[in-house]
Structure formats: C-alpha cells, structure tokens
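Before any comments, here is the structure.
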Ligand code: TYM
C-alpha cells in the first residue's frame, strides 16, 4: 500500500458529532486503502490550559473514541503526539521556514486570540500551525482527512513543505493533500447555525457530545434552532434545517432529498423527534464500545504502544533526513 494517511484530533474535551462527521467518518472508509496513522494531538491541546488529570483522561477517551467509531487497530496506528518526540523536534526546524505574517493570518489563531492582549496569548497558540505541519510532514502522507476549518492550516503546511524542498533542492517532504468530505465538512452549532459546532461553544446546546445520554440528545435536538417557515427542506435560506438534514443524511446514508419527502405535510417537531432517535441509535453503540476500551486499560495500552512504535519508526527516518539535509548534528 503506497497511499498513506495522517490525521489527528485535540484531546481538549469530549469529542462531538462535528468531529465524527467532518473527520472520523472519512477516516473509517479511507483506512481500508491507506496505511493510516491517527494521532491524539496532546501537545496542541496545551495551547489552552488543561487540568493535568483531566487531560490524561481525555487522551485515553479520545483513543477509545477513535476505536469505538471504527478505527481498526489491526490496520491503523493510533498514537499520542507527545510519545513521538520527532513532532516537537521537526516543529522547531519548520518554524524557521515559517513567516510571522503567515501565522498572523491564520483565522483559527485570530478567533482564539480575539479580545486578548499580546500579554495574554501564549506563543504556542501562535506557532500551533507549525506543529501541525510537523505532525503531517513527518509521515509523508498523501491524504490528510479533516473538516473545513483546517483548510488554511493544510495550505500553510503545503507552503512550508514546498519552501523547504525548494531551498535545499530536495524532495524531503511530500506536499500533502487535504481531504474534505463533500457533505459534513462544516457541521454547524445546533443553537447557532451560523457558526461551526464546537466543544468550546459557550452553551452545551451547541453540540452533541460523545458522552451525551439519550435524554440529553433528545433535549438538545428538541431545542435546536430552526428557520422561519415550517417545511422540512434544505436550502440557502434555511441554514438550520440544512444542517439538521445533513446530520440526518450522513448518519443514515440517505439522500437529503429523500428524507425531505418523508416530511411533506409534517412539521419541524416530527422531524426533530426522529432526528434525535437517529443520533441516539448511532451514539449508543459508540458509547458501549468506548466503555469497553476504557474498562480494559491494558488493551488500550497495547494498542497505543503499537501505534507509537509504528509512528516513531516512520517519523525518525524523516527527522534524520531533515537534520542531514539542514546540516544539523556532527
Ligand atoms: P480539532 O481537534 O479542532 O478537530 C478535529 C477534527 O474535527 C473536525 N471538526 C469538524 N468537522 C466538521 N464540522 C465541525 N463543526 C467540526 N469541528 C471539528 C476538524 O476539522 C478536524 O478534522 N488542528 C487540528 C488538529 C491537528 C491535526 C494535525 C489534524 C493537529 N495536527 C494533523 C490533522 C493533521 C484541530 O484543532 O482539530
């Protein structure tokens, strides 16, 4: 298999439906035709202060979430970023190939630092995309499946890779391609269809979390914002319904146009009640599987150790090549 895939998620909290539909769902189908590496990017998570005990727990919960969603540990590597020291090492080298102006233009940085003075923004938040470039370039992947919000970071990664290769007249890095789902690349908040679903949203009503029980899911869907009118249809003038129909469609594999037909003559209430059940039916087995992995820490350790070994093996070769190219060491 010559095709390789790398992706990752921050363990800064419980995963949500947007993470699944925008990223993990793609991973599951792509892992069959790619050598796949799925990272839990804990070094990225500390760009916001984390409680150490909670962070450690979240790292394991994210690993269990990957597995519960269908990442196959026999086929794919799951590993924790901080266990592979080459990520931080390559990030340093790449930071010397990244311009301040490029980092200042990153919309995620602008969003996260909004309203804060320079004295309140840590440098890690600023250089975050350089570490992400290192995560990717170490593995020379051909595909990086992510949601829409990571497009700019992938573009920067491509520029850094090309700049390095051009400067040294080498082909050290493979210029990676982002892979974005045709539907679900930006799942919007249930309480605000103008902004993406996010675990850092001010209200819990924004997202469906992997730890929500059936009643919480029903409550959140019931309270989800809808559009004016009463027809259950998608369209530019109906951002809320479009989002809810997209979720329904992606979880059931049915076309939006087909789902719309079910609700002709019915109202938002009927649709929302059935959407809640669709989500509950998807989430319940995921939660059971998560619990199974979390109740068996030894098995999770074995999976993460094997993933780390595979990741280290690949990453170290690239790092050695980079150091040699740059002239580092003796
Ligand atoms: P993170 O942890 O914020 O999100 C993880 C993945 O979930 C996707 N996602 C969404 N997709 C659709 N709709 C949404 N509302 C939504 N919210 C999140 C994200 O696009 C992402 O694919 N910087 C990355 C983590 C990272 C990474 C990497 C990814 C670090 N190194 C290397 C790929 C490769 C991030 O913060 O994702």
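In case you wondered, yes, glycine gets a Cβ from its N, Cα and C as well.
Automatic prediction, not curation, is the source of TrEMBL annotations.
As annotated in TrEMBL, motif ''KMSKS' region' covers the listed stretch 196-200 rather than the other ranges in 196-200, 201-205, 206-210, 211-215.
187 is the residue from 160, 187 that TrEMBL records in the ATP site together with 10, 11, 12, 18, 19, 147, 148, 149, 196, 197, 198, 199, 200. The ATP-binding residues named in the record, 10, 11, 12, 18, 19, 147, 148, 149, 187, 196, 197, 198, 199, 200, extend over a maximum Cα to Cα distance of 19 Å.
Between the CA atoms of residue 135 (L-tryptophan binding site) and residue 10 (ATP binding site) there is a gap of 12 Å, rounded to the nearest whole number. Taking a C-beta cut-off of under 8 angstroms and a sequence separation of 6 or more, residue 199 (ATP binding site) has the following same-chain neighbours: 12, 13, 14, 15, 16, 207, 209. Cβ-based neighbour count (10 Å, all protein chains) for residue 10 (ATP binding site) stands at 23.
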